[in-house]
Amino acid sequence: MTLNFPLLLVIAVAVCGALALVDLVLFAPRRRAAISSYEGQVNEPDPAVLEKLNKEPLLVEYGKSFFPVLFIVLVLRSFLVEPFQIPSGSMKPTLEVGDFILVNKFAYGIRLPVLDTKVIPIGDPQRGDVMVFRYPSEPNINYIKRVVGLPGDTVRYTKEKRLYVNGELVAEKLVGEEPGTLGSVTLYQEKLGQAEHLIRKEMSRYRIEPDRQWTIPAGHYFMMGDNRDNSNDSRYWNDPKIPKDLLGMVPDRNIVGKAFAVWMSWPDPKMSNLPNFSRVGVIH
């Protein structure tokens, strides 16, 4: 079972806020009245007695202490910036396993926490953006991929591992090779929209599949990983609960935000690796 942290955070803020409000409306006036009554009965009030009469219930004390901190975290995380950790190599070489990234939560519109309803439209995903979204088949799981197809686009991926968008071959330039799990891996520089970035292909690894083509419906996006032969993305999703014409598509309501920076790397196992900052920088 996946932990729904946004829901837990909202509940925690609501509980702490309710405790603070109950104290303000109910308990605090009672404490003030008790202190006033005591002071009217003695000539010299005992500081220890005053402290005892003014003491907040322990639960209220904790609630009032945690409320401002949790509220600030909720606002920052829900509407401004949210941190994520990269769990897989599907976005290599752009993102490595163990990278900690920052995601802009307002780039594509302000959304209500937990409900994820867009209340203030600000912008739309652009081709080439690196985007975090909730996996359509399991919305409690966050994925990160690159936006390849926009609403209305036609995307084609060939058995030769070439990408076409709206009938045009996406430009790519050979960069070099690096070691891979099954032989060498070829690196290319690809340009999607205004975004230039590196992609990885295992040219010696052939997939027995025909050329495939998709037309992106309104309000949906087609996503691919930069590690083209090691990415579970829009090309391969298959869920019988999803209509056939929407298979592989990410609906706008599932968008979490735009990934824009790496702020730390800490690969597993954490106990035998130290955090490092050599990969800190903007995500292209």
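Using N, Cα and C of the backbone, Cβ positions are placed for all residues, glycine too.
Swiss-Prot has this to say about the protein:
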- 4-22: transmembrane segment (TRANSMEM)
- 23-58: topological domain 'Cytoplasmic' (TOPO_DOM)
- 59-77: transmembrane segment (TRANSMEM)
- 78-284: topological domain 'Periplasmic' (TOPO_DOM)
- Ser90: active site (ACT_SITE)
- Lys145: active site (ACT_SITE)
Inter-residue Cα distance where the pair is Ser90 (active site) and Lys145 (active site), in Å: 8
Tally of DSSP helical, extended and coil residues in the topological domain 'Cytoplasmic' (23-58): 28 helix, 0 strand, 8 coil
Stretch-averaged pLDDT - the topological domain 'Cytoplasmic' (23-58): 94
Residues from the same chain, set at least six apart from the ends of the topological domain 'Cytoplasmic' (23-58), whose C-beta lies under 8 A from its own: 64
